[in-house]
Structure formats: structure tokens, C-alpha cells
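These come from TrEMBL:
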- 265: active site (ACT_SITE)
- 323: active site (ACT_SITE)
- 346: active site (ACT_SITE)
- 386, 388, 435, 440: Ca(2+) binding site (BINDING)
- 257-349: domain 'Transglutaminase-like' (DOMAIN)
């Protein structure tokens, strides 16, 4: 007899892609989501005869095995131990329809599908082809299940995003194109799975763990980008150049997976969001303003200034104007159901975790509740949003004196894009209780006890000598910088230092002013101004000190971050040790570009033609550069109607 042999397979791409929400992927092979049935049709060389039975074999990875859950053999209409099932549907002579179902915890990636035919005591196999399996946020049994359809549309299917940058007093929206469905991003993301150190060390085990979203998220810290925060970007891309992930990932592949140069935190986070959404894990970007990097993990950031108020690049701790990371949505079976939901994954890991530069997933609930001993890297993220900020004066003889401790400045205006719009949503209270509340104090004591093994009654600043601590917080004067006008790149900057005497006693105050260009990580680049003055303050009196920073002072020292930090160290004379430190970070705005054509009744325009690939919202980005200004950005969302 002639062996029963499949002659053609129909993957039924249109029906399967629509049912599995994979119709936007540009790749041509069948792409489905786990925990949900998909249909295929097989043509045979002859009708099936009595005594002949059919089974399927699904395999993934270099060494498929049933013990590793990377191989499943399942007969028609029989529920196998693997959780895979196949059923025969109404068919015609020579053509059989099947539905194949995978378990909701199946390994994700590219599978080989084989038909196994048993005839009497003979078993023979025929390779049918390959298909791709992804996580399934629509399946209630999947660890990444997200119940709200609007949120699934935003965090899985939306290719357009917003990244919030700037600083706590000047939050700016920047457009970003994720493009997770573009060609060949799915193939790039699947290749990325095989480039991790974990895969190189033990391929079989690594593949077997790819059904777990926390493992996939944690091990995706592949070096697809090199970070650079200062110096020259000649011959490579300035991080400010990037507007989306697609070009970066395409270049990474074209250069044989050599890291693309260069990126900074928002670029890393944007690309990571593309990868995780592409694989089916609901993911969003989070911007944390005044973000702490606590190297010694003592819940405080130490910042140093010289006696004139100039910021010093000493000490390993730092505070960034903003830091961008990812949140992904999945359950935490390792921690318990109370820690399910959003999990922090940082694609710009600043410290090693278990021997590798990786960060997360850290449960947002665990961060809020001070459970800093839980996996993974919860203490590090807790400190990013909760650390105290100590400011020290370093004198010429090397001695240091702490002049201020701020317990509220770190972790401000934690932001993400709204579902279904470009609005900013403040999620600070997802990460911590209101500053100064009884809950916040309880959580701080809990975190302290878990780190140091003992309890403390209040924030550490209150455990010092009460009188000196009170003087540190309230030196009898107050001060703040105020901009006299919006700071525009290319123009002089005019500031006012407002000093107020809070007491009835007369005071003479020495004021040392320093200004430096800085990075968004607040690392000083170049000092551009230093000045000293003194002011007499009568009883309850306030005075204004005007300060001008000419463009000629800062122009050639400014980085693409366009930031200047101004500090004023105010010392009350004849009162030993009483100092006030006033600080302001200025972000220079780009000059408005106005083009006028003198010819009457004529306008100059630049026309662009493009063809939208699909209906729905489309983000159009504009990036303008010239010899004076670089990367002036804007974006607009366009609604694309059906043709």
C-alpha cells in the first residue's frame, strides 16, 4: 500500500491571525498565541483507511524533550499530559481540518510541527512546517492575562508611544515609534532569545523556561545598544537622534548583532518595550523624575559641593533628572498573588544582579510595601523612588559637613502614557504612599529593618541631634531661584535669587553662586560661572539678587541635554555652620523657528507623501537639525480612516 502522506498544508493565516490578534505582524509564517486553538488543513495523497491513526509532534529548541516541555506528542482527540490537544473537524475526501490547542503556559518561540502516522506496527513522520507561538494576554489562564480590552489595545497592540522626559518642574512629551509588528522585528526578537548568556550556557534549559514571562523579561537585557552619556558622538548616532525602535533593531541585525551606538535610558526602555510587546507581554514605559542611584544601598543619596557651591563629581551615588524603565504585566507565582500585576524591568541596569547587569522584574506592589528582600532587585528600585538626599559641603582641608537632608525630593511625578490618549498619567502612588503619611513612615521602617536588621522610629534624619537637625532643615532663611523669562537656547539666561529672612533678627548672608552645564544624569560637565556677593536682611525682610548667564558663557559647553545647574550656597554670617543650599536645574528651550518669504501672497512649504499601512491612529514625528540647533522634535497623532 501507498503510505498516507500529506501533500499540502493550509495554515489558514487569515482566520488564525484574526482570532489570535496577530494580523498586524508583517511576517508571513503562522503566528498564534498560546492557550488558544488554531486551525490547519491537510491534503493527503489518498483517503485515510481503517487502522491508520494520526498524531502531531510540536518541538522547539535545539534539544527538544518532553521532560523539558519543549516537545509534545499528541494524538487526535486525546488530551495528552503535555496539555497539547488536536481535534479533527468536519472534512472532505482527501482533505482534513484540524484544530490544535496549546497549554496556556507553553514555551514561546518558533516551533516545528510534524505529522506522525501509525499504520499497524509501522510509525512514520512527515514534517509540516514551522509556526510561532507568543504569550496571550487574552487568555485568562496565561500568566500575562490582562482583563481590560482597552489596556490590551494600548499595552500590546499600540505601535505608537510617548516618553516623558525633562525634569520634575518641566515635563516634556517625546514621541516614540515601537513598531513591534514591522518586518523583520518578530524574527529579530526571536533571535534575541537565542543570544542571551543564559542560552549560551545551557540552551535546553533556557528554552524550556521561555514560558515564564518573568524569566523572559529578566533575561532580555541583551546588549543591543551601547550607552553613552557624555563626550563626542562623532561617527555614531547621538542618542537624541532616535525616534523609534525599528531602525535600531534593524541596524543591530544588519551589523551582525553588534551593539548599536549610542543610547540612553529612554532609548533602551523604548526598544525593550518593542521587544516585549512583540512577544505578547503587556508593557509600558515609566518615567521617574529625580531618580536615585544608591550605590551603597543605605537608603540615602549623598551629593557634594565645594565651599563656593560648585557641584563636585565625587561619590558614587547620583540623582538623575529622570530615569525611564519598563513595567510589564504578569503574575508572580514565585511571590504570591498579592504581588501580581505591574513588574519593573530596567533595560539600563546600573548595578549587577546575581552576577550580571540586569534589573527586575520587581513587583510594584512589593516596592510600595517596602518588601525589599523579594526577587528581583526590589531594594534597588525602592531606593530609586524613596531615598533621602543628603547635601554635603567639602572644605579645602577635606572635611565634610552635611548641610541639608531632603526626604521628599526623590521619586517625583512618576509618569506613563494614558490608555487611549497621549495624556500623562501620574502613577507615583503605585510606588509609594504620600510623603509624610503614617503609611509612608511604616513602610520606611519596614524597609530599613529588612536591610539592616533593626527597626528605626522615623526617617534617619530625625535620629540625629534634634537641635542640629532642626537647624539643618530651617536655617532661619529661605531661598529659591526664579527665572525672569523663559530660558531659550542662544539667548542670555536671566535669573532671580529670592532670599527671605524668616526671623525678626537682622542677618548678613554671604552668597556663593556657581553655574555648570550638566547631563540629565546631573553629572557636571563644565563650570561656566562663579560669583560671590553678600546681602543684609532685616527683620522678616526679603531681597532679590539678579543673575545673568550670557550665551557666550554657556554656548560651547552645553550638551545635547541642554541643561544648566545653578547653585547658591548661602551662609548666615556670625552664626557658625548655618548654611542654606539653593539649587535649580534649567532646561533651555529650543528657539521657535519662523520662516518668512518676502514675495507677496506666496508661501514656502515642504511636502511629504506617505501611504499609511493600516487604519487607526498614526504618529507622525518631525526631527529638525541645522548647524545651530540639533534634534528639535515634534509629533502629531493622525487618525487614518478606512479607504
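Going from the start of the chain as shown, residues are counted 1 onward.
Just so you know, glycine gets a Cβ as well, placed from its N, Cα and C.
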Original post:
Just the number: how many Å between the Cα atoms of residue 388 (Ca(2+) binding site) and residue 346 (active site)?
Top reply: 22
**OP:** Could you give me the DSSP helix, strand and coil counts for the domain 'Transglutaminase-like' (257-349)?
**Re:** 18 helix, 42 strand, 33 coil
Subject >> Fewest other Cβ within 10 angstroms of its own Cβ, chosen from the recorded positions 346, 388, 435, 440 >> reply: 435
Subject >> Arithmetic mean of per-residue pLDDT over the domain 'Transglutaminase-like' (257-349) >> reply: 93
Original post:
Based on Cα coordinates, which of the following recorded positions are within 10 Å of residue 346 (active site): 265, 386, 435, 440?
Top reply: 265
Subject >> residue 435 (Ca(2+) binding site) to residue 265 (active site) - Cα separation in whole Å >> reply: 27
Original post:
How many other Cβ atoms sit within 10 Å of the Cβ of residue 323 (active site)?
Top reply: 25
Subject >> Residues that sit under 8 angstroms from residue 265 (active site) by C-beta distance, when 6+ apart in the chain >> reply: 227, 320, 323, 324, 325, 347, 348
Original post:
Around residue 386 (Ca(2+) binding site), how many other CB atoms lie within 10 A of its CB?
Top reply: 24
